[in-house]
Amino acid sequence: MVFAVARAATSRASHWSVKSFHSSGANLHGIKRVGVLGAGQMGLGIALVTANVSKLPVLLLDTNEDQLSKGLKFMDSLLKKDIAKGRLTEEQAAETRSRVQTTRSMADFSDVDFVIEAVSENPALKAKLFSDLAQATHKRAILATNTSSISITKIAAAAKGREEQVIGMHFMNPVPVMKLVEIIPGLATSNEVLRTTKDLAVAMGKTCTVSQDVPGFVANRLLMPYINEAIIAYETGIASKEDIDTTMKLGTNMPMGPLTLADFIGLDTCLAIMKVLHEQLGDTKYRPSVLLNKMVDAGWVGKKSGRGFYIY
């Protein structure tokens, strides 16, 4: 399987940017309406960028009415900040907001051309959702997952009969700010789906890289062991949390220290990704830190809970 994926990946462009998109004379992505599944921080960011940058209508789905309301309020606050900073006019912000509609029913995804799933890193949950999406969407719709570590091939297997249309589309947090999207084709993903996904991401103002379908892909295969090792350094008393973060910021020119970054990502998310790496790769170097497990058990999962390595 690894060889087959590697061979397919080498035949595909590994880097796709706004410049290459325009200079290549590529056709438009052909997507007319995007569905976003999950109104949390990532889903809301994806919906906002889709509506604001690519100018496409978006249907935002979440079964939790309170989460939908919270997400839309957060979107409004982001648009107001952009108006205040001169990035958008009030008219442009209103147009962006008008492109976003909400629903609590997957049946309303019947006429979307492209779905981006952005729920928590739970393999069983994603499998159930993709099984449902395969039934709810029309046969030509592309089904993308924002997973940061789970096998695309495994997720695609749940979308019976639609495996060729399933692909990984890993956005970075916060979506409106971060420029990269990792594109990850599964074993069965068609070249046409890969091409359309790249084109859509570029229309959203992103630069794309392509990764093989291996645990953690590129970003988290490198980032999470780094964060985990920083947590081990802290728990074993090598240095204080402040000195660990300062060393990496000022000594290696990182934009923020690893423990601060872990708090911003969410320690529960970090733990979930480390567990995937450890279980699927079987190497003890990916074993999650004992302290990371304890902090998640305590509910100290970072900025979103008000407490992680630091108090917020």
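Note: Cβ is positioned from N, Cα and C throughout, glycine not excepted.
The annotation domain '3-hydroxyacyl-CoA dehydrogenase NAD binding' is assigned in TrEMBL to 34-213.
Annotation source TrEMBL lists NAD(+) binding site at GLY38, ALA39, GLY40, GLN41, MET42, GLY43, ASP62, GLU121, LYS126, SER148, ASN173, LYS304. Taking all protein chains in view, 17 other C-beta atoms sit within 10 angstroms of the C-beta of GLY40 (NAD(+) binding site).
A simple way to gauge crowding: the CB of HIS170 (site 'Important for catalytic activity') has 23 other CB atoms within 10 angstroms, across all the protein chains here. Look at TrEMBL and you will find HIS170 tagged as site 'Important for catalytic activity'.
Broken down by DSSP into helix, strand and coil, the domain '3-hydroxyacyl-CoA dehydrogenase C-terminal' (216-312) contains 67 helix, 3 strand, 27 coil. The domain '3-hydroxyacyl-CoA dehydrogenase C-terminal' annotation in TrEMBL covers 216-312.
When Cβ atoms from all protein chains are considered, those within 10 Å of MET42 (NAD(+) binding site) total 24, not counting its own. Put simply, the two farthest-apart Cα atoms among GLY38, ALA39, GLY40, GLN41, MET42, GLY43, ASP62, GLU121, LYS126, SER148, ASN173, LYS304, the recorded binders of NAD(+), are 22 Å from each other. The 10 Å shell around the Cβ of ASN173 (NAD(+) binding site) contains 16 further Cβ atoms across the protein chains shown. Sequence-distant neighbours of LYS126 (NAD(+) binding site): residues of the same chain at least 6 apart with a C-beta under 8 Å from its C-beta are GLU117, VAL119, THR145, THR147, ILE150, ILE155, ALA158.
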